[in-house]
Structure formats: structure tokens, C-alpha cells
């Protein structure tokens, strides 16, 4: 039983980690916590669903098309809403993303309604049994995708000039400009990429949570938890945080109480933050204003 | 080669620069002197376009560059090495240097420049994989200058490179500045320490409340007691720095 | 300061005359009562967030604790209402103190998430703790016999709100207020000035929780029924939105924000599904175009202050 | 001082406008109500109109219930197109309460006092309905078809409350009886939602199963917003009951069934009527749903010749083309509205609350709606306690029993 709980927990945890990657990317570059990340993912998933059902495109075509739209959408959100508050206090930025969260959710409700619909899985549904532990091919797929994305971004930040420019911009905007970095376009692109990440997350999560405007509610919160636990600046931290939360809540649900699993998760986070205020893999943020 | 004509600039409602005109001829070292808040750093920020120009023009090699974005200025190889070093704390020394060459595509020349910088500042080579935040103040200043040099500057804008450093290191840095100049880079040097700056400069401007109070050849400014007393707080002030 | 006093005096006269204006309509009095309760909550959150710079995205949890304390004390122990009201405040303040302890070590986004966690956990605990809270079934609370009608309880709520406003204004004028603002501006500088930062941060949480607890107690009596549904994350968000919409670090701003966000749903409730969109859009527009909140339209002083600030920042 | 005056003026204008906006509308609506009608009718009735109201969450966590309002409107469209009720057109007002009890209280007061509706129809949320029950009971306004199967609205019978959908408690007992008689279960596992909805079911089922001597092998709960049910599915499989009762809303039920199927859990599965429609096949897949049992208290669309079904499908496809008319929510909502309108019809020209309530009590095994055998008496307010057992077979839900009537 414990084995299966851990596998289930890892599966749920990789969803949280996947949803957390976009959050971390934005925070790492522009120092903004995007509370609308989940709702952006939801919108993109709806768009993908529209491609699938209305225009009847094949799965991977609609997947890719919606990611293109995601990129444009993310950049538009940055240009229209986030750029004016780049220098505003943290609270204003947080509230602005909350405003976006409400509007996106409301608009999705108006357009697509609130009745949940099923969403197809990436790969044909198959599962494996090994010493009494069951795992589906899609769970493995999500885990692999998350890991590849994380690794990809790790290499991107470490070894490409644009990745380096993103990190530099996040540390000191004025000096980054003196290096010739077009900081504004870096931020814009970051939001585009984050929206893509969100889109991938949404499309892979939708078969599990089903598709409706509230689909990212719980996953979104757990993604925040994962990001915070992992340190909010670290991509591997998101994976560690997500998997930890998934397994931890699985164990609590299995052995203590399924209704209180979230309470325990939050208690764990507060405990971790109390011991290490920057999260497990977080770095101390030293920022020049 | 780089010329500022009647430049004015504001922070919000507060005027920072009032009709400033400066020339930096090719291959020269020009220094900006003046008290705190006189507008020295603002002049550099105007050139690198961190501070927008309200009126006046800026001309570089017969091109009007008054309304360009910061990255366009960098593209023209006018590189600003900011006050207080401003290295990226969470990038390694190596990454800080690489980011200095962000807009360049000439890979071979970049490699050569990198080795030049290591010959100026050997300590940076030892610290290559360390986070910049772990360096000492002097090392960070070296890194900042090195990073600026990675932009392969035609004009280098240096803001207070001596600030807060021990005299030995200051001398070392000033020697390197002269060396860089000898290799063909024009330099605009902002300094509080007038004696030091005038020792290596060809020409100097003295700023006062956002205006140019006085200008002249370096030896003229250096040897005029009246001027140094009136504008630069007197010899006693300069002596205090040492 | 004088303008603020007069504004508040004016608001209070209006609130006291309001039932006459609407002909004692129970619906209008109920909505106004909700507004006053939210205004108390917004003011106490503003104390913490606007003046003290500590973000809380879980304030509905304090409202819940206040409301449930009142309900439980009334139903299980039969305590009278004049005892319940302060007790709810005190118990919530104690919880606030406990929450403040770990929160002292956190700032910015991390604090935001920690309080979010708290805000999500409390309703779940209430749901689970059936024996005490009635769980899903909720609890019914009778209004105190002295103020048994909607109108009389509305007046009682108004008076309590005025007292709280007065207390908060005085608090801000004194050492507390100065320490709060000092901490918001720079914790290091505040520490250097001799402010015990951790103590004051914890106190901020307790004081804010105290007033929110009282708001919760009034809520329980006024609505007459509480269940974990009443205290979900949306409430926390809406109250946060109130203080930003009205104006951070402004007491009259909190009142204005509470007014607008209580009214929007009432006006928009005939347009299905638009409430959340309209509220969100209002927030976005405020942040983009009136970053100091709607109150900045009213406060002429603000403009002068802004230029002063600019000068300060240049000198520094 | 002058600035202060300006401030005050602006504020006065704001507040007075807000207040007057309300009072104006209230005076006009009372005027309308009084203008033409004979004095004896209750509020909300004029010579050519009857005003009906209700709240439904149209945003927030339970926004999927918002569809109910559209169905009521659709049914009223149909009635109005056929000439209305005794010459009066029906007008429906829906208020979004965002699934927050404090807003529900506001909504109820607004409907009764400002909008002055004649009756309240099909309102959602057990907690929310409970929150306003004292107020509505005191006012005496007819409340028809509370969209909750909680016993609080029928036991004891309240004069102005008429329930319709199958009582949760009763459905749980029907499940238990069926598991005992037809499925010969020795043990039952319960998967339930940890809230006002699931716990009522669980308690009733546990009581009834104990009475029948059936072992309750597992009780697995979850919170309404949960997305991961692997732990519950696992515990359920480990307990290996003969039958699993699912007292869950559609999304969690579908997720749980998928998970349970994946890890190889096998048992007869019984699902409450809330989830008994094609949504489940869309969400969980036809393979997973194959053989799952449920109950239905609203008539199935299979019976195409039935004129009741035909008029429903026609009207819904016209008014709400985006939605599948097979939805159990929508069929239920249609039935709520049908029962209300039947009461109005029977009241004739005497549209007082008193008479309406009296006429509602004349419904005896009334089969003119999508629900089976609707009955009200002065102390029986369940509306109906008749269900059919149905089963998912080959990708659709089919009725497999006759109407079973449970006597409470």
C-alpha cells in the first residue's frame, strides 16, 4: 500500500511541479509572483480544447497551435498589464495578478460555461503493474515532460546568453540595460515562455482534473506550495517541492485523514519556512533596488 | 567624437542637468569633477540613456544619438561602468564578464578580450567560478571594469572607480585605465578625487548644481590653486582623501 | 488629518441616518451592515498591510475564528453577548499572535503564501472539527435580545465600527503607528532606530486579528448563520482588494473600498457570472491608473505628499 | 474647508444615489404590483405577470449550478409562448449569490423585499438554503423545489417549503436496500464528499446498512476541491467491499472511479443521482463507467414518444443549444419549474400564498412532470420518493427497474 501511495503521490506531485515551473520562471526574471498563472493555463487549455473539438485537429497539432497562442497571450499580458507596474510595490503587483485571475476565470466562465468536460490524454491510456504497484503511461509521461522541461530550463539559464540575460535582468535592471540587454523584451519573452509552460501544464493536467474554469484551483494552490517549498527561485526546487507535497499528502490521506491532507501540507510549509525562510533550495535574495 | 550639446535632464520635477555641453575627443581621457549631487553621474546616465534627455542633443561620430534606447548606445560601443560597481551578485565572475559582451557576435575577439582582462586583473581568473557577491570591494570594481571592457568600448564611461577602495588598489586601477586609453579607448571619468583624476586626464569639466562651472585642460586645472580652492574644496579637502 | 476626521464624521452621520433614507428596508440595512463589517475588516487588514507592510492573503481565517468563537461561546457555553464580542476579539488576537510568530521571519511573497496557507487551512479545520463547529451543517446564532432586529443591530454595528475606527486612528497617531510605518519602509532602519521589529510585527498581527475577530463576531450575529463556506479564499482576496482599491495606508480608503466591493456584487447580481469579472477589472484598472487607490481622488493632500517623497528619495 | 465640502458633496451624492437607486426600484415594483391586480393577490402578481425569483451561484466554486437558472428561464419561455398561466406571463429573476451564505441572505431579502417576487424557485446549496430558512419561513413566501435533498427542508414539514428532488437520506437507504436485496452484498465501502452533501448520505447509509447487517468495510472521504484520489481508491481496494457507494459530485466521482479501475479495484459501484448522466461517460470514459448503477428521479430521455420528454428536448435545444439536454441537472431543473407552474395553474385567479400552498397540497401522485408521482400533503413535503434504478451500459445510462417508491 505504501508503495502505491508513493507512486500516486509522485504522480500528483509532478502535476504540481509542472504547474509551478511557469511561476518560478516569471519570479526568477521579473520578481513578480503571478497569481494568474493557473488561470492563464486554464484559458490555453480551453483554446486547445476548442481546436480539438470544434476544428477537430489532431491532438499534437492543437497542442502546438495552442502553445503558439500561449506565447503571444503571455507576451500580451506582460505588455498590457505588467509593464506599467514593473516598479510598483510588491502588493500592487500581487493585486494586479489577482485581478487578472478574476477576470480570466470570469471570462472563461462566460465563454465556455462551468460544466466540466473530459480532456483527452496525451498518450493512449495504458497502465503497468509491478509488484502490485500500478502506474499509467501518462503519469510517466507527465513526470518525464516535467523533468525535461526543468533540465532544459536549467541548461538554458546556465549556458545561453539569453538565459544569462534573464538572470542578470532579474538581479539589477539598470545595470542589465547598461550591458545592452533589452530588459523590457526579456520580460515580455519571459511571460510568453511562462504562458507556454502554463499551457503544457494545463493540457497535461486537464485529463486528471477535467476541464472547467475552476480546473486549476487546487492544483494552482499546490503549485504555489511546491514553488515556495522549493524556494521559489529554483527550478529543481519546484520538482523537489512538488514531489514532496504529492507524496506527503498521499501519506497523510492514506494513514491519517484524507480531509486534513491540505492542512498538513500547509503546516509542513509553514514549518519549513520557519526553519529556512527561503525554502528548501532557495537562495537568499539579495536585490539592488 | 562624442559631443553633448546643451543637455538638460530631470528626475521627476527636479532638474538634474542644466544645459550641459561636453566633448570627448577620440583617444582622450576627459574627467568630470564636482561635489556630490553636482550632476556627474547624471551626465553618464544621460549618455547611456538610463536618464532620458529633456532637451539638447547628443552626437556621436556625426550621428544624433539623443533618442536611442540603452541597448542602441551599447551597440555603438559606448559602455557605461556604473557607480558602486553594480556587479550581478548571483552570477559568477565568468558570467558577469560574458554578460558584458551580450551584444557582440565576434567570438574570437571576445576570447582575446577575455584574456586581456585576465592579464589586467589576474585575480578575476582565480575567482572565475565564484559568485560576484563573494568578491571583495576592490575585486568587484575590477570585475565591473572588466565587464565594461567586454563590451569592447570605443568610449568608456567610468563612474567613481576609486570609491571606497584602498589607495594601493586605486593606483593599480588608474594605471589600468591609462593602459586601456593607450590602446585606443576614449574615457569619460567621473571622480570625487580631483587630484587623482586630473593626474591622468587630458581635459576636465567642473560641474556645479547641474551646470558646467568651469572647464579646461587638465594641467591648467591641476596647477591653478584658486580653482582648486574654489571649485574643488581646496587642497585640504583633496589631502583629506589621502 | 483634519480632512480625514471630517470625512469620517460625515460618513458616520450618514450611516446613522441611512436606515431612515431607505425606509428601514431590511434588505438595504442588511447590505449596509455587511458593508460596515467588511469595512472593519478592511481597516484592520490595512493596519497590517497598508501601514505595516505585511501582506496577508488569509484574513478571512481571522474573520472565521471571530465568528465561530462567538457562535460556540453562545451556543455551547451560553455566554452573554457583551462578553462574546470582546472575547472573540481576544481569542482571534491570540491566534493572530501565534500566526505572527513564524510570519515575523518571512517577508514579501513568502509571507503572502504563508498567510494564504493559513487562510485555506482554517475553513478545512472548521469543517473537520464537527463536534465544536457543527462542521458542514453550520451554526445558527440568534441576535442578542437587546438588539434583536436588523435595524437595531445595524446601529450597534455602526457604533462598534466607529469606536474601532477611532481606536485605529489613535493607534496610528501614537508610537505604534510610527513603528509600523518604520518597519514598512525599512526593517533594518527600523531596527537601527531602536524598534523591536519582531515584537512589533507580531503585535501588528495580533491587533489586526483582534479587530477582524470583532468583525467576525458581528458577522455571526448579523448574518445569523455561519458555515465554513462563508470564509473561503475569495473573501480574503476581496478584502485585500478593498484596501488596494480604496487606497493603501488610508482608513477612509478602506471604508471606500469596502463600500464599492460590497455594492458591486449587489448591483451586478442580475448579470450572471459577471461579478467576478467586474471586480477583477475594477482591481486592474485601479492598480494601473490610480495606484494610490480611489481615495487619492478625494485627498488633495496626497499630491503634495507625493512631491515631498520625491524630493526625499532624490536626497537619499 | 472648501475642499472638505467638495469631498462631502461627492460622498453624499455617491451614497444617496446608491440608496435611492434601490428605493426607486422598490417603489416602482410595488407600484407595478398594485396597479392592476385585485387587492387580494400576494406580492409579485399583476394582471399579466407573475414574478418568480431565486438565487443560483453563477461564479465561484459551484458555478456549474448556474445552468439551473437558464433552464427555469427556458421552461418559462415555453409556458409564456403557450399563453402563460391563466393569462399571466411568468417572469424570472436570478441572483448570483457566488455560493457564499452571507450573500445568499442578501439575495433572499432582495427577492422578497425589493423585487417582491411571488415565489422562490429551485435555490441551490444546502448551507445556503439553511442560512435563509428562518427568514423565509417567517415571511411565509412559498419556496418550491429547494435544490438540495437535505432533510432540513422536509423534516419536519414547513408550511411554505416544498421539496422535490429525492431526499439524500432516502436515496442512501434505497442504495442500501438494493445492495442487500439485489446485489446480495455482504460488505459495502463508502466514498463520500466531506461536506453538507456527502455526510448526510454517509450517516444514513451507515445506519441502514447496520440495520440490514451489512458490514461497512471502508469510509473514504475527500474535500470538494481535491483532485487526487489515489489514496482513497487504494484504501477502498484494500478493504475489498462487494459494493461501493459513491456519494460524490460528478468530477470527484469520475476521478475516483478512474483511479479505482486503474489499480484493479472491482466491486459493484452505485452512484447518486446527482452524477447520473452522460457527463460521467465524458469524464471517466465508457469503459470505466460500464456497469455502474445509479438511481434517477427524473424521467430518462430514452422515452422519446413521451410528450413531456419531447417538449423538454425541443425547448432546451432551442434556448440552450450549447448544453446536452441529457444533463441530470437540467432535467431536474425542468421538473422543479414544472411543479411550481402546476401549483400556479391550480391556484387559478386566487394567487395568494395561502391559496398557492393549499393548491400545492392537492398534488397527489401527479405524473405531469419529469419527476415521478409528485405528492404534497400538509405534513409530507418530500415531493416524491420514487426512483428508478439505472445502469451505465455500452456508453449510456438505461433504466433497469420500475419505479421504486420508498415510504419515509
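For all residues, glycine too, the Cβ spot is worked out from N, Cα and C.
In TrEMBL, annotation is done automatically, which means it is predicted and not curated.
Going by TrEMBL, these are the annotated features:
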TRANSMEM  A:6-27  transmembrane segment
TRANSMEM  A:34-54  transmembrane segment
TRANSMEM  A:60-82  transmembrane segment
TRANSMEM  A:94-115  transmembrane segment
TRANSMEM  A:135-157  transmembrane segment
TRANSMEM  A:193-211  transmembrane segment
TRANSMEM  A:223-246  transmembrane segment
TRANSMEM  A:252-275  transmembrane segment
Going along the chain, which residues at least six beyond the ends of the transmembrane segment (A:6-27) come within the CB cut-off of under 8 Å?
33-34, 37-38, 41, 133-136, 139, 142-143, 145-146, 149-150, 153, 190-191, 193-195, 197-198, 200-201, 204-205, 208, 216, 219-220, 222-227, 230, 232-235, 237-239, 241-251
If one takes Cβ-Cβ under 8 Å and requires six or more residues beyond its ends, the residues near the transmembrane segment (A:223-246) are 8-21, 23-25, 27-28, 33, 37-38, 146-147, 150, 153-154, 157, 265-266, 268-269, 272-273, 278-283, 285
Does the structure show the transmembrane segment (A:34-54) and the transmembrane segment (A:193-211) touching, where I'm treating 3 or more Cβ pairs under 8 angstroms (sequence separation 6 or more) as a contact?
yes
For the transmembrane segment (A:193-211), find every same-chain residue at least 6 residues outside the stretch whose CB is under 8 Å from a CB in it, and list them.
15, 18-19, 21-23, 25-26, 34, 37-38, 40-42, 44-46, 48-49, 63, 66-67, 70-71, 73-75, 77, 116-122, 138, 141-142, 145, 149, 218-219
Near the transmembrane segment (A:60-82) in space but 6 or more residues beyond its ends, with Cβ under 8 Å, are 30, 32, 36, 40, 43-45, 47-48, 51-52, 93, 96, 100, 122, 187-196, 198-200, 203
Chain residues in Cβ proximity to the transmembrane segment (A:252-275) (below 8 Å; excluding those fewer than six residues from its ends, i.e. six or more beyond)
1-2, 5, 222, 225, 228-229, 245
